[in-house]
Amino acid sequence: MKLLTNANTLKGTIRVPGDKSISHRAIIFGSISQGVTRIVDVLRGEDVLSTIEAFKQMGVLIEDDGEIITIYGKGFAGLTQPNNLLDMGNSGTSMRLIAGVLAGQEFEVTMVGDNSLSKRPMDRIALPLSKMGARISGVTNRDLPPLKLQGTKKLKPIFYHLPVASAQVKSALIFAALQTKGESLIVEKEQTRNHTEDMIRQFGGHLDIKDKEIRLNGGQSLVGQDIRVPGDISSAAFWIVVGLIIPNSHIILENVGINETRTGILDVVSKMGGKIKLSSVDNQVKSATLTVDYSHLQATHISGAMIPRLIDELPIIALLATQAQGTTVIADAQELKVKETDRIQVVVESLKQMGADITATADGMIIRGNTPLHAASLDCHGDHRIGMMIAIAALLVKEGEVDLSGEEAINTSYPNFLEHLEGLVNA
């Protein structure tokens, strides 16, 4: 498709879709709790629909009237063996988190995914879940999907130091630990998004957190709840960046999630000199309205504990850095290599084709700004965040056309993205 280019000013108000991470977890917790869970503002992207379909196949009654998703949970014990393979599509979150649920079930399941998911590492969950007593086999010695998983009712507690900073692995182990008899201890390498921990408490469970240590007991009773999902800050990130880099822009983003483990982009933008204000803060839901204005930006250095707080935003932050004065360095971000694509390689190649001065490193990238961008023909590579980054980059192109193929990947997390983009440009 031909993307919109040569944007002068963007003004408007957007309500971004529900947070993908929270939507997945709300569906899972509703399905493993006793009683009725009602969820408002769920993201209805392809990834979350994979999670919903998986639990439907395991016997959970889930209804969607277009506004509210209602789940009639019967607890872990109410799950039944699916008749077919569980197809997780493109969703690594679905596969890893649901593997934790399945580890304590006494039936065999095979989980499959699309071509992209079939290249993503699963040994990071297979190893600890196997230590707990589940049997997991995949391609190349448990490394890759499809995954065949045989759970057990005799799942053992675990003491485990996460070798990578991964909220998905942490969450899989939490779901497994809930099905054990005894106390588990999970130690994070760096603190990652804590939606699973927050939601356990919301559903009536308990866990102790001290620094990077999480302790929880198995056998807890979870009870269905009413949940409102805030907007996804990872989706809002595209509008934050476009508001900062297109002259005279003024964009208002309503109901954006501001969980402290996810707001790294706000800290980085502020450090770079970006004008962004928070208002209408809801401390219960952890959401706020963000107002973004065009800004003159300075380069920065992003590394260490900051990386897990903005790992999904790094592609669009790389674009932001092309429009900042000076050299921006992103380091300690090797986890980007095992996302839907090798995001270090694909971000660098895509922005280079558009004229950016950007270099890949072993664990990140170096971006020298400020550089104009030019026309190019590009591909999403099956990665929703790459597609959206390119669509925002195209707005900076003054002459010629930017062609994007594979744009359907954007439906993974933001089905209305291109429609919202057009609305801002034409406002």
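Including glycine, each Cβ sits where the backbone N, Cα and C put it.
For D312, the entry in Swiss-Prot reads active site, proton acceptor. Counting every protein chain shown, the Cβ of D312 (active site, proton acceptor) has 24 other Cβ atoms within 10 Å. For the recorded site, D312 (active site, proton acceptor), the DSSP three-state label reads helix.
The Cβ of K20 (phosphoenolpyruvate binding site) has 25 neighbouring Cβ atoms from other residues within 10 Å, across all protein chains displayed. According to Swiss-Prot, the phosphoenolpyruvate binding site annotation covers K20, G92, R120, Q168, R343, R385, on the basis of sequence analysis.
Taken from Swiss-Prot, the feature 3-phosphoshikimate binding site applies to K20, S21, R25, S166, Q168, D312, K339. Sequence-distant neighbours of R25 (3-phosphoshikimate binding site) (same chain, 6+ residues apart, CB-CB distance under 8 A): L97, S171, H195, T196, M199.
A count of other CB atoms within 10 A of each Cβ picks out S21 as the most crowded of the binding-site residues S21, S166, Q168. Under the DSSP three-state reduction, R385 (phosphoenolpyruvate binding site) is assigned to helix. In three-state terms derived from DSSP, K20 (phosphoenolpyruvate binding site) belongs to a helical segment. The most densely surrounded of the binding-site residues R120, R343, R385, judged by C-beta neighbours within 10 angstroms, is R385.
For the binding-site residues S21, G92, R120, K339, R385, a Cα to Cα distance of within 10 angstroms from D312 (active site, proton acceptor) holds for K339, R385.
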